[in-house]
Amino acid sequence: MRAVVVLLLVAVASAKVYDRCELARALKASGMDGYAGNSLPNWVCLSKWESSYNTQATNRNTDGSTDYGIFQINSRYWCDDGRTPGAKNVCGIRCSQLLTADLTVAIRCAKRVVLDPNGIGAWVAWRLHCQNQDLRSYVAGCGV
């Protein structure tokens, strides 16, 4: 029982809900501004609508896959959660690695996703809320 409590505390301690500007600065420092032709405001907008900037966000899909982390990266194609039938794991990671405050793995995988033919359009929330919009407000006042 004590081990379970310790594991839960570790999981909670590693979770993070980013502030908009804090995320913008972290993404910029990781080379996301302009990556594969996508401006920083696009990445911040995508993160807002996919996860509300929450690294612990998960969403189960009707096909049995799950979306994980701040970018809601899908277990059918990009990561291994050990329960999605026929998963491809193109990023070569465990989905649980996408649920931490450290964005390194999530950013590396998002950079891989955006190189596919759908580009940033692979994210439904980006298509619905960010595409062809004025996104300046997502980085306004952030000093980036």
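Don't overthink the numbers, they just go from 1 along the chain as shown.
Just so you know, glycine gets a Cβ as well, placed from its N, Cα and C.
The signal peptide annotation in Swiss-Prot covers 1-15, and the record cites experimental evidence as its basis.
Annotated domain 'C-type lysozyme' per Swiss-Prot: 16-144, in sequence order.
Positions annotated as disulfide bond by Swiss-Prot: Cys21-Cys142 (among others). Secondary structure from DSSP puts Cys21 (disulfide bond) in a helix.
Within its own chain, Cys45 (disulfide bond) has Trp126, His129, Cys130, Gln133, Leu135, Tyr138 as residues 6 or more apart in sequence whose C-beta sits under 8 angstroms from its own. The disulfide bond annotation in Swiss-Prot covers Cys45-Cys130 (among others).
All protein chains considered, the CB of Glu50 (active site) has 23 other CB atoms within 10 Å. According to Swiss-Prot, the feature active site maps to Glu50 (among others).
Within 10 Å of the Cβ of Asp67 (active site) there are 24 other Cβ atoms, across all protein chains. Asp67 (active site) falls within a strand segment according to DSSP. For Asp67 (among others), the entry in Swiss-Prot reads active site.
Cys79 (disulfide bond) is surrounded by 29 other CB atoms, counting those within 10 A of its CB over all protein chains shown. Among the features that Swiss-Prot reports, disulfide bond is placed at Cys79-Cys95 (among others).
Note on Cys91 (disulfide bond): other Cβ atoms within 10 Å of its Cβ, all shown chains, come to 22. Among the features that Swiss-Prot reports, disulfide bond is placed at Cys91-Cys109 (among others).
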Cβ-Cβ distance under 8 Å to Cys109 (disulfide bond), same chain, at least six residues away: Phe71, Ile73, Trp78, Cys79, Cys91, Ile93, Leu98
Pairwise CA distance, Glu50 (active site) versus Cys21 (disulfide bond), rounded so that it is a whole Å: 17
Rounded Cα-Cα span from Cys95 (disulfide bond) to Cys21 (disulfide bond), Å: 25
